C-alpha cells in the first residue's frame with residue numbers, strides 16, 4: 001500500500017519503521033529542518049529516510065500549491081502523520097483514497113494541540129496515552145482508530161514519559177497498521193464535550209510562580225526537566241534553572257519565594273515548600289541544591305522572584321489610538337485592573353473613558369490621528385505595544401463615505417504601522433471579520449479560508465479590502481523586516497458602550513444599537529433584506545479577555561499570528577437578534593417609560609444603505625488559533641450580553657419627558 005509520510009522526532013522514526021515492517025511502500029517523507037535553538041535529543045527522520053533510500057523533503061510550507069501538486073503525483077493510497085509540527089491542508093488529506101491518519105501523544109479528545117507530553121505533567125495527570133486517529137481539517141478532531149493508555153508515575157519526568165509513550169506507540173502501530181492496510185478498522189467519533197485543547201509551549205512559559213502550591217511547581221519541574229529547557233526562577237537578575245525537585249509539606253509563615261533553609265534548599269510556596277534537589281546557575285553546570293544556594297549567594301530569608309528584578313519594576317507601556325472607542329475603553333479598564341501596565345491614549349472624545357482620567361497610570365490626550373502625527377510618532381517610540389484602534393467600522397459609511405473610510409482606515413493606519421517598523425515596536429492590529437467577505441466555508445479560518453469580495457462597483461467592500469491590504473502589509477513587514485505583530489479579527493463584539501444612540505439616529509452604528517434606538521423611539525425595527533443574515537455575537541468581556549492575553553503574549557505565542565476572536569456558539573440571524581432584544585426590552589423595569597413596540601419592517605438593503613451594498617449570509621469563526629495561542633474560549637451566552645447591552649443604553653436615556 002503506497003503512502004506518503006509526514007514525520008519528525010522519535011515518534012516519526014518509529015512510525016516509519018512500523019510502516020516498513022507492516023509492508024507499506026513509502027513514496028516520500030516530509031519532515032522539518034532542525035531548529036538550532038532546540039536541543040535535539042531525538043532521532044532524525046531525515047537520516048533514517050536517507051539510510052532507507054526514501055526521498056525526503058523539508059519545505060517551509062508543505063501546503064503550497066506546488067507541493068500539493070507534487071504529492072498528488074505520488075498517488076498515495078493512504079497518508080500518515082507522526083509528530084509533524086504543521087497542520088496539513090485539506091487538499092492534501094483528500095489525496096489519499098483510504099484517508100489520512102495521525103499519531104497523537106494523548107488520550108484524545110483530551111489534550112488536543114501542542115506539547116501534550118509536557119501539558120499532562122504540568123497539570124499533574126496520572127494517566128495519558130497515544131491515539132491514532134483519522135485526520136480532518138480541524139487539528140486532532142478526527143475519529144479515533146486506536147488508543148493505548150500509559151500510566152504516569154509520581155517520579156516520571158518528561159523524558160521518562162516520552163520513552164513510555166514511544167513504547168506504547170510501537171505497540172499501537174504494530175497492532176493497527178495491518179488493519180488499516182486491509183481496510184478493517186473500527187472508528188469511534190470523538191466526544192466534543194470532553195475535548196480540551198492546549199497551545200504551544202516555549203522555554204519562557206516555565207518560570208516558577210512561587211505563590212502557587214509546591215505540588216504545582218514540582219509538576220512544572222517534572223514537565224520540562226532535561227533535555228527540555230527546564231523550569232527557572234531568579235535571584236535578583238540572576239537566572240537559575242531547577243532540574244529536579246521534591247514537595248515538602250512544610251508549614252511556614254514565610255512569604256512565597258522565601259528561602260526556608262539552605263541544606264536542603266527549601267523554598268516557601270503558596271502551599272507547602274519545594275526542595276530544589278538539583279539546579280544550575282545561569283549557563284553553568286548542574287549541581288545539588290545546597291551547592292546551588294552557595295553559588296547564588298542565598299541565605300535563609302532570601303527572596304526568589306519569577307522574573308528579573310529590574311523587569312519586575314518596569315510597567316509595560318501600551319499606546320491605544322482610539323482609546324475612547326468601544327474596544328479601547330473596555331481594554332483600558334482591563335489593563336488598569338492589573339498593576340503592570342501604563343496606558344497612553346488618544347481620541348477625539350473622552351466620554352467613555354472619563355472614569356479613568358484621574359488614574360495615575362492612564363495618560364490621555366484629546367486629538368485626531370490625522371493631525372497629531374508628531375505626538376503619535378513620539379509615543380510609538382516611547383511605548384512597548386501599539387494598538388491602532390481608530391477606524392470607520394459601520395456598514396452604512398462604506399457606501400456613504402467610501403473615500404473617507406479609505407483615508408482613515410488605510411492611509412492613517414499605514415503611517416502608524418510604518419512608525420512601528422521604524423522603531424521596532426510590537427503592533428497588535430485590529431483586522432476584521434469583514435476581510436472574509438463572501439467566503440463560503442462553514443467556519444472562517446485565519447490560515448486557510450479564502451477572502452472573497454464583490455466587484456469594484458460595490459463600494460461596501462472598501463472597508464474589507466482596506467483592512468485586508470493592511471493585514472498583508474503587516475505580514476510582509478513581519479516576514480521581511482522583523483516587525484513583531486499580531487492580527488486579531490473581532491466577530492460582532494457587543495456590550496455596553498457599543499456606539500451610542502445619537503450615532504444610531506443618523507444610521508452610523510452597529511446592528512444592536514440601531515435596534516435599541518428603534519425600541520426607545522417606538523419606530524419599527526428594520527430588517528434589511530428580511531434579516532436572515534447570520535452572525536456570531538461575542539460578549540465584549542470575552543473579546544477583551546482574549547485581547548488582553550494577546551497583549552500578555554505568554555511565551556511569545558501570539559507573534560506572527562492571525563487570531564479570530566468570536567463565539568461560534570452564539571450564532572443568530574439579525575431577525576433572531578431583534579426578537580431576543582424585544583423580549584428583553586418587554587420585561588425591563590424601565591419598559592413603561594417607552595412607546596409601544598412598532599413591529600418589524602422588512603426593507604431592501606439598497607433603500608437603507610444605498611446602491612453599492614452587498615451583504616454576507618453567514619460569518620462563523622474558527623477559533624482554533626485562539627485556543628492554541630491564548631488558551632481561550634468564549635464563555636458568555638448571547639442572551640446575557642443582550643440584557644446587559646440593553647440595560648446600559650436604556651439607562652442613558654433622559655426619562656424626564658418620557659411617560660411614567
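Using N, Cα and C of the backbone, Cβ positions are placed for all residues, glycine too.
These features come from Swiss-Prot:
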- 104: active site, proton donor (ACT_SITE)
- 434: active site, proton acceptor (ACT_SITE)
- 619: active site, proton donor (ACT_SITE)
- 86, 87, 88, 114, 136, 137, 138, 139, 140: (6R)-10-formyltetrahydrofolate binding site (BINDING)
- 347, 368, 369: NAD(+) binding site (BINDING)
- 393, 398, 432-433, 460, 492, 526-535, 613: UDP-alpha-D-glucuronate binding site (BINDING)
- 314-660: region 'Dehydrogenase ArnADH' (REGION)
- 102: site 'Transition state stabilizer' (SITE)
- 140: site 'Raises pKa of active site His' (SITE)
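The DSSP secondary structure for residue 104 (active site, proton donor) is strand. The Cβ of residue 526 (UDP-alpha-D-glucuronate binding site) has 17 neighbouring Cβ atoms from other residues within 10 Å, across all protein chains displayed. Nearest in space to residue 393 (UDP-alpha-D-glucuronate binding site), taking C-alpha to C-alpha distance over the recorded positions 136, 347, 369, 434, 619, is 434. Neighbour count (other Cβ atoms within 10 Å of the Cβ, all protein chains): 21 for residue 393 (UDP-alpha-D-glucuronate binding site). In this structure, the C-alpha atom of residue 526 (UDP-alpha-D-glucuronate binding site) lies 33 angstrom from that of residue 368 (NAD(+) binding site). DSSP assigns residue 526 (UDP-alpha-D-glucuronate binding site) to a strand. Distance from the CA of residue 140 ((6R)-10-formyltetrahydrofolate binding site) to the CA of residue 102 (site 'Transition state stabilizer') is 8 Å.
Our reading of the (6R)-10-formyltetrahydrofolate binding annotation (86, 87, 88, 114, 136, 137, 138, 139, 140) yields a largest Cα to Cα distance of 16 angstrom. Within the model, the region 'Dehydrogenase ArnADH' (314-660) carries an average pLDDT of 91.
According to its DSSP assignment, residue 619 (active site, proton donor) is coil. Each of the binding-site residues 88, 136, 369 was scored by how many other Cβ atoms lie within 10 Å of its Cβ, and the smallest score goes to 136. The Cβ of residue 104 (active site, proton donor) lies under 8 Å from the Cβ of 112, 116, 130, 131, 132, 133, 140, each on the same chain and at least six residues away in sequence.
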